[in-house]
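Chemist: What follows is a single structure, and I will ask about it in a moment.
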Amino acid sequence: MTKQFAVIGNPIEQSRSPELHHAFAEKTGVDLNYQKRLAPLDGFESSMRSFFAEGGSGMNVTVPFKEQAFALCDVLTERAQIAKAVNTLWMENGKLHGDNTDGQGLVAAIQALEWNLENTTILILGAGGATRGVIYPLVQAGAQKIVIANRTLARAEQLVDDLKTAVPQAQLQAISLNDLEGDFDIMINATSTSLSGDALQLPEKLQFKYAYEMAYGKPSSFIDQAKQRNVPYAEGFGMLVGQAIEAFYIWNGVRPQLKDFL
């Protein structure tokens, strides 16, 4: 019997999840159908629950419903608890289970690039939900120190405060975007400023070996500045594929190879 999956969000037309999951299915021999679902901004829960009531096997959650999905779950993975957001749902024994595969997607993408994560010092620009979701997996993969830089320093400090007990093996630090300096192994842009006219200028006293832009498919001043410095860079398509692979594995028990889809 064909398994039914969906991705839910608002807007949703831009999602590439159906093409990815159908490509994974073709490669692995899993019989599935994967659709986009547009939910009204005030209708996430009813739309999600009706999908599972109709026999749906699993659902991905995208903007703006990840925090709502987190709040509705009966059972959460450790990484979802830390992220306080859920992008992967499934039913088991009548209970709604939730996970967050975004951070694992980023780790898989960085590993596929053969950028070493072991004992690294990482700078993340931005202190929003995207950053919260990747800290724990980065530390699990070997990051030793993570510095979170944000325009509003208090928000970065709050995030460090929230997460330090979850990752005691790593050093977390908060700084203002105005105080960017020092040497880093990897710099990750988790802000949306690279996609707008409000682009951040990276100061000369800030040095980094690799640059990762979480967004993809749009002009990025962050990537432009990495190019100017001749720093190896990548944008977020690998992370998108990586998080989708992790969700596919949770649901179907088989893990496609990331390199086959980049």
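In case you wondered, yes, glycine gets a Cβ from its N, Cα and C as well.
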Chemist: Suppose a student reads Swiss-Prot and sees Ser15, Arg16, Ser17, Thr62, Asn87, Tyr216 listed for shikimate. Which of Asp42, Asp102, Asp185 should they find annotated at that same site?
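Modeler: Within the candidate list, Swiss-Prot flags Asp102.
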Chemist: Could you state the CA-to-CA distance between Glu78 (NADP(+) binding site) and Arg16 (shikimate binding site) to the nearest Å?
Modeler: 27
Chemist: Do any of Arg16, Ser17, Asp102, Ala127 (binding-site residues) have a CA within 10 A of Lys66 (active site, proton acceptor), and if so which?
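Modeler: Candidates kept after distance check: none.
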Chemist: Determine, using Cα-Cα distances only, which of these binding-site residues is closest to Arg16 (shikimate binding site): Gly129, Asn150, Met214.
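Modeler: The smallest Cα gap between Arg16 (shikimate binding site) and any of the binding-site residues is with Met214.
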Chemist: Pick out which of the binding-site residues Glu78, Asp102 has the most other Cβ atoms within 10 Å of its own Cβ.
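Modeler: When each Cβ's neighbours within 10 Å are tallied, Asp102 tops the list.
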Chemist: Is Asn87 (shikimate binding site) helix, strand or coil when read with DSSP?
Modeler: coil
